[in-house]
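Heads up, the thing below is written out as structure tokens.
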Amino acid sequence: MDKSKISYIWDDKLIEYCDRLPAVLGRASMVHGLIATYNLLNQIKVVRSKPASYEDLKLFHSENYLEHVKTFTDVDEDYMPTKKDEEYGFGYDCTPVSAMYDIISNIAGASITAAACLLLGIADVSINWCGGWHHAHKSKAEGFCYVNDIVIAIEKLRKKFSKVLYIDLDVHHGNGVQDAYDSNKSVFTLSFHKYEPGFFPGTGSVTDISCKARGYSCNFPLHASYCDKTFIHAFNNIFSEVYSHFKPDVIVVQCGADALSLDPHGGAGLTIKGYCTCIHRILQTKKPTLLLGGGGYNHANAAKLWTAITAHVADVTLEENIPEHTYWPEYGPGYTLTVEPLLAKDLNTPQYIENIIAVIKDNLNKYLGEYGLSDVLQRKRKLDWGNNSKRNDSKNVDPENKTVETCDVYEFNE
């Protein structure tokens, strides 16, 4: 893909604020550092992020919630959440931190900037790995998510694009985004996630198809330890059906990395191949696409995944051995891009997967109507990591110079 048509959202302040998120301390710098070390910033267009305005945040969040967020200006380490804090979701899994409003405005602002790149035709694919916080609700933080930057970005995209397809690859159900569009048929939400008793957030069964906009939410619940083969088969079957029924104008993808094997909050067994195969399929549609981060609590694996996806979008082949750089010690003992598959047995039987596929297809036909088979997705190209790709010469470049300062950074006013 042409470098000029891929945007990567970045700003020093954005990285600094995201590094302070309690659940993913320091992750943003690690992700950006690996992308820079592989010299990918010279293969894509780096666009400087800017914070979201109060009016931007109000596109989804209530004023009462935002005003309460503003109260967290200087939070002590031993701060105990009040009853009022808990009403807005601040407590056990969403710990209040200092300058909370600045954090959420920068996160949302990055996703808005990414959306603006698509709106203005600056990019065909826009990337913000600091975004993807899919659990936050209108007036409540939840599941490590203090702001729902996804919904805010989608609202921006709807100014130009009539139909938005939202795809969630995180191991957890994207409940905040689905709930936001429960009564809206212009946004279709599609989520693939682990669904078991006691597993957060407890929503996203196959029968959960929205209460008001019936059929415009699609959930593929998976049992523990789902592997690449299971995931790719499920995705290929359902994505094609949803795409042909809904016919979106733009696609938003939450690429939460916590479905990778050995994630401390996951329980799935995917490798980088599982994710990239799905991204490859999405990009085949040639629809404007927004790629966002999300979960991913093994920081080294999250950085590997999002670096690999960035390279895949840019059609760049990466060296398997990770080049030495500031965060290199974090990738031991192997120091390679490989994420090994889970050794545990995949608990999803072929019969279970086929039954879920059948239920979803029936729901799509019932609520969105029959469709004539589209040839848009009939081209089946094998995912190739080596052929017809630009060679990345990262090992021949001084890793200490692979920073954002070595490439052009674009800025624009929306």
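Quick reminder: no glycine exception, Cβ is built from N, Cα and C everywhere.
According to TrEMBL, the feature domain 'Histone deacetylase' maps to 26-312.
Per TrEMBL, the feature substrate binding site maps to D93, G143, Y297. In sequence order, D93, C94, H135, A136, H172, F200, P201 make up the list of same-chain residues 6 or more apart from G143 (substrate binding site) whose Cβ falls under 8 Å from its Cβ.
What TrEMBL lists as active site, proton acceptor is H135.
Under the heading divalent metal cation binding site, TrEMBL lists D170, H172, D258. When other Cβ atoms within 10 Å of the Cβ of H172 (divalent metal cation binding site) are tallied across all protein chains shown, the result is 27.
Long-range Cβ proximity for D258 (divalent metal cation binding site), meaning a same-chain Cβ under 8 A and a gap of 6 or more residues, is found for D170, V171, H172, H265, G266, A268, G294, G295, G296, Y297, A302.
Put simply, the two farthest-apart Cα atoms among D93, G143, Y297, the recorded binders of substrate, are 14 Å from each other.
Here the binding-site residues are D170, Y297, and the one whose Cβ sees the fewest other Cβ atoms within 10 Å is Y297. Ranking the recorded positions D93, H135 by how many other Cβ atoms lie within 10 angstroms of each Cβ puts D93 at the bottom.
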